[in-house]
């Protein structure tokens, strides 16, 4: 194994955001306002030598995933997890590679572990949103709704929008409102009176 060094380096919120956008371009991203809400109580993370090496494996894993080499990417994220199993990011990143490969169950298991390990509100929020999307994909609307509620309480605007969309009463009201607006636009409002 590697010898643990006492040198520590902080990874900035900006670096974290860049890695997230590069690896998860199709996922919702927080607005500046959301990031301020989410990060308002978070301290910068100081990384040990093992954690720095794990992050290096993660960066290479992201590159492999971008290049379409999902098996290699998953291997690199697994290496990162073995070096620093206490970091949630390795599990979160591997979950995204597994999802891209079509292993939804494996992705859900890694997201569960990432959420369990994570203490940072913004990272937990992102992982919970990702898990909610996968749960909804699998037809677990109840689990998805719970996750969207959890993420919304952590400041996710996307989760708040999904809660509204998943609320059957809100959906019905939205549909009726859209019909009225369309009738107003076309001049057929008298038909509905």
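These residue numbers are counts, starting from 1, taken along the chain as shown.
Note: Cβ is positioned from N, Cα and C throughout, glycine not excepted.
TrEMBL does not curate its annotations; it predicts them automatically.
According to TrEMBL, the protein carries these features:
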type   : residues : note
REPEAT : 54-87    : repeat 'TPR'
REPEAT : 88-121   : repeat 'TPR'
Legend entry - Residues of the parent chain within Cβ reach of the repeat 'TPR' (88-121), under 8 Å, 6 or more residues beyond its termini: 23-24, 38-39, 41-42, 45, 54-55, 57-58, 61-62, 65, 70-71, 73-74, 77-78, 80-81, 127-128, 130-131, 134-135, 137-138, 154-155
Legend entry - For the repeat 'TPR' (54-87), mean pLDDT (0 to 100): 95
